[in-house]
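Annotated in Swiss-Prot:
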REGION    441-461  region 'Disordered'
TRANSMEM  31-51  transmembrane segment
TRANSMEM  64-84  transmembrane segment
TRANSMEM  104-124  transmembrane segment
TRANSMEM  133-153  transmembrane segment
TRANSMEM  170-190  transmembrane segment
TRANSMEM  197-217  transmembrane segment
TRANSMEM  246-266  transmembrane segment
TRANSMEM  284-303  transmembrane segment
TRANSMEM  310-330  transmembrane segment
TRANSMEM  346-366  transmembrane segment
TRANSMEM  375-395  transmembrane segment
TRANSMEM  415-435  transmembrane segment
Amino acid sequence: MLVAMSMTPIAILFSTPLKRFLREKVLLGNAPSWELLAILSIYFVQGVLGLSRLAVSFFLKDELGLSPAAMGALIGLGAAPWILKPVLGLMSDTVPLFGYRRRSYLWLSGLMGSAGWLLFAAWVSSGTQAGLVLLFTSLSVAIGDVIVDSLVVERAQRESLAQVGSLQSLTWGAAAVGGIITAYASGALLEWFSTRTVFAITAIFPLLTVGAAFLISEVSTAEEEEKPQPKAQIKLVWQAVRQKTILLPTLFIFFWQATPSAESAFFYFTTNELGFEPKFLGRVRLVTSVAGLIGVGLYQRFLKTLPFRVIMGWSTVISSLLGLTTLILITHANRAMGIDDHWFSLGDSIILTVTGQIAFMPVLVLAARLCPPGIEATLFALLMSVMNLAGVLSFEVGSLLTHWLGVTETQFDNLALLVIITNLSTLLPLPFLGLLPAGDPQVKDKTEKEDNPDDPGDRLVLPPAEVFEHHTVGSLSDQNFLPEFFPEKSSSRP
């Protein structure tokens, strides 16, 4: 009786055999708590925000009349706030709002996000205005993302290496479930409502983040014994990024992410040339959301213990080669094989989503395992911002290639060449796989320290860590303040 009284309500719910099964299998061994529920809720909301993905794409294409190159450039610039994640992380670590470092920023994120979608619904009428609101909405999601990242990293620091991947797979799943719920609706709603109405509906969901923030377990800054100092944080981060175990993998990931994307051009091809309707594109989103879960499951079950170099090398090669299957659709070779455009696109999207998900999971694990305690939000945000910068470059370079090759709203003669260039370019970083650690960098650092206790060396002894970034191939992927650009830059699928 005393034991039951000492348990939290949510823990009691997981005390029966069935609930224990759900804890071990559904929560992947993570202990249930209100804070975990809040974290999963925030990622779930970010998945739900995919409701507006197709609406934004069609709004920019049809109502604002942007060209493929212009859309790509606008989307890339709209993602610029994600480059500021270190600043946002530093602010959350050192500058509390209303007495809190995490809750208050989640409140701000939710309110800004809702306001941004309302502006889309009622105000935006030009490319310039769209760019400004994209920046604003992007900033709102970036704020929430860096905060929830820090919460997950703080929890992950307490986990053993044996459980690496479990929490990030769980949060991946939460976002994917949100995406699945709204995937089909994202296209179906456009059959019934205008894009602006869809934006107004989307404005409701960021408010759920505001509610979830109240479940975060956080001590008020007024009760803190030690106050974080910005200068001290910056010094710690600078010391960390100078270590080869952090710097070299970051350089590789940057080069890997910065290869060009052809997604905007391919979106125009599927809608203007192939005649894909919003309803069908919603179905594609539905099956790819499920495929994303399959990719996470495969990584969690079979691949999470593979060395970084092995999984990154093979997944990059396989993703690049499979991405070339898009040429079959572009050249209409599938029709000669008796396969309808819709069915081929659907099957191709499933395969490419699974491989893309598997390719990016080890990047997230590696990034999080490089985060020392005390500066989790700031350093992880710095690593993600480098990836985001590479993602912006990827889209901007892709837009330039689209323009140079003369791919427009109706001219797709050079689209096949564009897809070949973007896919094969993903192989360019492979000669630099040696920049990645051969094994777990934390284990290696610890071993070296034990062998040379008096030698400070140039490495940090880092604690176990893992984290979720709800991105697939491309650091900006699946950011649902915009169309899902970047997730398929190697595949260039819709």
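The backbone N, Cα and C atoms fix where each Cβ goes, and this holds for glycine too.
Long-range neighbours of the transmembrane segment (64-84) within the same chain, counting only residues 6 or more positions beyond its ends whose Cβ lies under 8 Å from a Cβ of the stretch, are 57, 126-127, 130-131, 134-135, 138-139, 142, 145, 261, 263-265, 267-268, 384-385, 388-389, 391-392, 394-396, 398-400, 402-403, 407-409, 475-476, 479, 481-483, 485. Remote same-chain partners of the transmembrane segment (197-217), defined as residues 6 or more beyond its termini with a Cβ less than 8 Å from a stretch Cβ, comprise 33-35, 37-38, 41-42, 45, 48-49, 51-52, 55, 59, 102-104, 106-107, 109-118, 120-122, 140, 144, 151, 186, 189-190. Below 8 A, the CB atoms of the transmembrane segment (284-303) and the transmembrane segment (346-366) form 3+ pairs separated by six or more positions in the chain. Only pairs six or more apart in sequence are counted, and the transmembrane segment (346-366) with the transmembrane segment (310-330) gives three or more Cβ pairs under 8 Å, enough to call it a contact. Long-range contacts of the transmembrane segment (170-190) within the same chain: residues 27-28, 30, 39-41, 43-55, 58, 152, 197-198, 201, 277-283, 285-286, 288-290, 292-293, 296, 361, 468, 470, 478, 480, each at least 6 residues beyond the stretch ends and with a Cβ under 8 Å from a Cβ of the stretch.
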